[in-house]
Amino acid sequence: MRKKLFGQLQRIGKALMLPVAILPAAGLLLAIGTAMQGEALQHYLPFIQNGGVQTVAKLMTGAGGIIFDNLPMIFALGVAIGLAGGDGVAAIAAFVGYIIMNKTMGDFLQVTPKNIGDPASGYASILGIPTLQTGVFGGIIIGALAAWCYNKFYNINLPSYLGFFAGKRFVPIMMATTSFILAFPMALIWPTIQSGLNAFSTGLLDSNTGVAVFLFGFIKRLLIPFGLHHIFHAPFWFEFGSWKNAAGEIIHGDQRIFIEQIREGAHLTAGKFMQGEFPVMMFGLPAAALAIYHTAKPENKKVVAGLMGSAALTSFLTGITEPLEFSFLFVAPLLFFIHAVLDGLSFLTLYLLDLHLGYTFSGGFIDYFLLGILPNKTQWWLVIPVGLVYAVIYYFVFRFLIVKLKYKTPGREDKQSQAATASATELPYAVLEAMGGKANIKHLDACITRLRVEVNDKSKVDVPGLKDLGASGVLEVGNNMQAIFGPKSDQIKHEMQQIMNGQVVENPTTMEDDKDETVVVAEDKSATSELSHIVHAPLTGEVTPLSEVPDQVFSEKMMGDGIAIKPSQGEVRAPFNGKVQMIFPTKHAIGLVSDSGLELLIHIGLDTVKLNGEGFTLHVEEGQEVKQGDLLINFDLDYIRKHAKSDITPIIVTQGNITNLDFKQGEHGNISFGDQLFEAK
């Protein structure tokens, strides 16, 4: 239960990063536009006082500000896409749900344009709708609900007369209904929740702000290895605290308040839960990287210089620290704990110095320059002496403990592992293999710095192999694996997903995707489309076109072309003379290769992987030669119909170079064992 919850929290944390990724662009526009309108920059660059330049500056400020004004809706769309595997239908559903929920709440509570002017009411105008202000939390709730609707109903079947509304078209319909229902409990409960959040945040800040900011920095850093820090900091940045802008609107959240104050040129009061990152990311961690380099063995220093130099520069410029942190987290956990304490102390130090710095992405130099130096609204220069002190502390603490405790940080290993030589194009295949292959992957995801994979059997994961491929660290919690590949993690995930979906079939391999419950038998390049391959019916039943299979992986021919049979008997027989190439462990799918070189996948039913082999009896084994008509598998047809999504059985040619299939008896009608099903050319 705990491991399953951890996996779900990881996915939510990753989903929150999609809307957050938009903020740097918005912050760039807002910061430059605001700075160009400020007296400080105009004093040094008088030409920007030109009317045309000032018009552009105002437009930039407005363009950046509109993103922050609509963060709840952006979070609704981003969370929906993130939790629904990137499908845009979920975003449409989230938008529909968001406006319906707000409109229904507004009408139910009788909110009008007049009473939204009272800040104490908790009302606001959302996309022109007078309604209850639920903030970013409201957007996250709607996004999660839209993702649930998508995952639940994206492949739903309806009667033929309602066929137009089946599948993905049904998702926004369900979302409209569920968000309408959700609006009523939200209207009744949310004011109490918001009051509680306000009271908690006020009490937290008023009781002992110094302790609060220290604990925030300390805990947030400790959560980074688990990927849960996004969930932890979200309420601090987007909900806790309040400030009234010039228009009388109440703004919640440390980051939102900071951005609004920058936009209005107001006195800064926010930034307490962000600014502590700057000394650590710009000075402390790069100094730690230098200590790791200096303590490396002489023969390894050249390699370590490249690794640590890149990680240090990434931390300094962008504030992305995981590649550097994971280089010592597992081999020297004490160093990471000290690092977390120093991070908390950095927050406390800048708070005591009465600084007010913020960022849109992270505590690197880019945000420091755009939102600290350019606006010139706080004593930003104090970060530099604090940072230099931090650099000295980090360097000597890390160097002393690495040598004293003989930590095996990069370059100090007893035997330098042989680095894998996978090229950029080969890397996703190598990572997939190191994760145990497609059959071992239950859920695949990534965030800015780490590949997040939930596996079926972690004993099949080659952790040293992942590190050899460039992962600076691999975290294991239950069956959840996190491989730290830095900023290229998302690209690796995207390419792995393409391989698993059968969209890319280089590097021949056999894989299973539990999400779509499908098997890919990779194309054998030696097979040629110039040959003619006869395929006989492996089952008795009703022939159905692949386009009518209620699973988009098959219906959209992502796996390859073919046909499906709705069986009337529980037997699968060999459709040609050949060999058994692959049998999936749960016995629901079998891959065959004919003597003429045709590769065929027979996938018994849909979602049958979840049956874990129950109801299936094998009569062959991998590598066995078979003759056309030999019994391959018996299956309990009644059991499958009762416990699986469907008994319909796709029969797929998995070679992309074979696209011409001649269905001898058509794509409809009944067929029996041994009848000619199709000819592949």
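Placed from the backbone N, Cα and C atoms, the Cβ positions cover glycine too.
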Stated Swiss-Prot location of transmembrane segment, expressed as one of 126-146, 231-251: 126-146
Transmembrane segment range according to Swiss-Prot, out of 303-323, 429-449: 303-323
Same-chain residues near the transmembrane segment (73-93), Cβ under 8 Å, at least 6 residues beyond its ends: 11-12, 14-20, 22, 67, 126-127, 136, 138-140, 142-144, 146-151, 154, 168, 171-172, 174-175, 515
Same-chain residue ranges lying at least 6 outside the transmembrane segment (355-375) that approach it to Cβ under 8 Å: 20, 23-24, 26-28, 31-32, 34-35, 38, 41, 254-255, 258-259, 262, 268-272, 274-278, 280-282, 315-321, 382-383
Summary of DSSP states over the domain 'PTS EIIB type-1' (425-506), given as helix, strand and coil counts: 35 helix, 21 strand, 26 coil
For the domain 'PTS EIIC type-1' (3-414), mean pLDDT (0 to 100): 85
Intrachain neighbours beyond the transmembrane segment (383-403), with Cβ under 8 angstroms and 6 or more residues off its ends: 275, 278-280, 282-288, 290-292, 294-295, 328, 332, 334-335, 338-339, 342, 346, 349-350, 353, 355, 357, 368, 372, 409, 412
Residues of the parent chain within Cβ reach of the transmembrane segment (199-219), under 8 Å, 6 or more residues beyond its termini: 232-233, 236, 239-242, 272-273, 276-277, 340-341, 343-348, 351-352
